[in-house]
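To keep things clear, I will list the structure first and then write my remarks on it.
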Amino acid sequence: MVTIRADEISNIIRERIEQYNREVKIVNTGTVLQVGDGIARIHGLDEVMAGELVEFEEGTIGIALNLESNNVGVVLMGDGLMIQEGSSVKATGKIAQIPVSEAYLGRVINALAKPIDGRGEISASESRLIESPAPGIISRRSVYEPLQTGLIAIDSMIPIGRGQRELIIGDRQTGKTAVATDTILNQQGQNVICVYVAIGQKASSVAQVVTTFQERGAMEYTIVVAETADSPATLQYLAPYTGAALAEYFMYRERHTLIIYDDLSKQAQAYRQMSLLLRRPPGREAYPGDVFYLHSRLLERAAKSSSQLGEGSMTALPIVETQSGDVSAYIPTNVISITDGQIFLSADLFNAGIRPAINVGISVSRVGSAAQIKAMKQVAGKSKLELAQFAELEAFAQFASDLDKATQNQLARGQRLRELLKQSQSAPLTVAEQISTIYTGTNGYLDSLEIGQVRKFLVELRTYLKTNKPQFQEIISSTKTFTEEAETLLKDAIQDQMERFRLQEQL
């Protein structure tokens, strides 16, 4: 028979009482009233904060955007097909954040910073809020260093500086993405980290861009954030902020970064969809009232850090699509007013074979020559004015039959200047090559050539300079000025090449 020992039992009870930990955990919960179209209405969640992450029973995460008197409007970061009416939801007490680290370089990720390239997990010890506040006035300095795009038309006439925000705007199929990707390709060896954000694009287009980067060795310094057309609107809306958070991580570590948002029209459309489903009042073009704030808080995060913060920079190139060249629509005017200038791509120029199809007349950089090296200022100072005058003359010359010699010469020079601005895709030029090309055109060396021969001559001239006059490149790179010695070297090269070119053409 088992004997009950009272002392042993009392010891066990005493031990259990001592070990008893009365931990009370308060969880802010609610119940799903309605779910559909990527939106859930929740009853409860009384203590939830605006922008707080909430977790559904089956694991889907959402963001509380609408805090109303009797329910909470939540946008889902997933399809939410398994969420049922009456299931429970709990507030996490966190705001959307992503892990950040150097390991993200060379990877393709989604808006939640999860890899989608099938190359395994990404290790990261730090995290950043997706919606970080933009740097204040004191922590910035004015833009003064050039960010070379490798495109003559931009670097000579619409220069972009490190820390600037320059809008690329144009109709569909006018080469907007090509300008942006060429700029990324040109950052090779420049110690610039690039982030390419694809919003609501076809998966095939994103794959094509990634393949180009891989083939040209640009993925080593690039992160691609992609939310394709079949992604939920919430993730398309978040993708640019995720890209900005990654770029900021490097900027605050005293590095230079370049971020491309391709494109913000689709982000605005995703936000409009979310807002209308949340029953927020629509405004102009059915966009919600805070669509300006959507883009301003994103683009204000691009900055040139002050010397106290290590002079890092984040340059933003947002892309906006127009409908049949209408720059006065709601989203284009908003983004034009936020950015420090715009590059306008024209469908007419593109169809006329002028590529990149940059309309120099209405494109502008509000930073201007502060973002150019001295050599480029010396050589390209007058070219924008000359081209603008040429465009005006050309329009006038269509109606006039007999033109005087000076006008004919000006038209001939303008046509050759326009020809030298043409460039193949994925073929960025160094600063020295650009300077030699512009100098040749603006000083009349191309006037004696037929228009069809201009590009061939310039390609051969650049090759000749590289092989026979390497000092030219060295002078430009080291002094950043167009010295007399550099000019002499260039003049000799042009004359030598012109003689060789003439002989070739005669054969």
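Note that the numbers count up from 1, one per residue, in the order the chain is shown.
Here the Cβ of each residue, glycine as well, is placed from N, Cα and C on the backbone.
Features of the protein shown, as given by Swiss-Prot:
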type	residues	note
BINDING	GLY170, ASP171, ARG172, GLN173, THR174, GLY175, LYS176, THR177	ATP binding site
SITE	SER363	site 'Required for activity'
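Structure coloured by features recorded in Swiss-Prot.
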residue	record	DSSP class
GLY170	ATP binding site	strand
GLY175	ATP binding site	coil
SER363	site 'Required for activity'	coil
In angstrom units, rounded to an integer, how far apart are the Cα atoms of ARG172 (ATP binding site) and SER363 (site 'Required for activity')?
17
Find the shortest Cα-Cα separation between SER363 (site 'Required for activity') and the binding-site residues GLY170, ASP171, THR174, and name the residue that gives it.
GLY170
I'd like the number of other C-beta atoms within 10 A of the C-beta of SER363 (site 'Required for activity'), please.
22
Looking at the binding-site residues GLY170, GLY175, which sits with the largest number of other Cβ atoms within 10 Å of its Cβ?
GLY170
Neighbour tally for GLN173 (ATP binding site), based on other Cβ positions within 10 Å of its Cβ:
12
Hey, for the ATP site built from GLY170, ASP171, ARG172, GLN173, THR174, GLY175, LYS176, THR177, who else sits with CB inside 8 A of the CB center?
GLU321, LEU345, ALA347, PHE350, ALA357
Please work out which residue of ARG172, LYS176 has the most C-beta neighbours within 10 angstroms of its C-beta, and give that one of the binding-site residues.
LYS176
Those residues of the chain, 6+ apart, with a Cβ under 8 Å from that of THR177 (ATP binding site):
SER205, VAL209, ASP262, ILE319
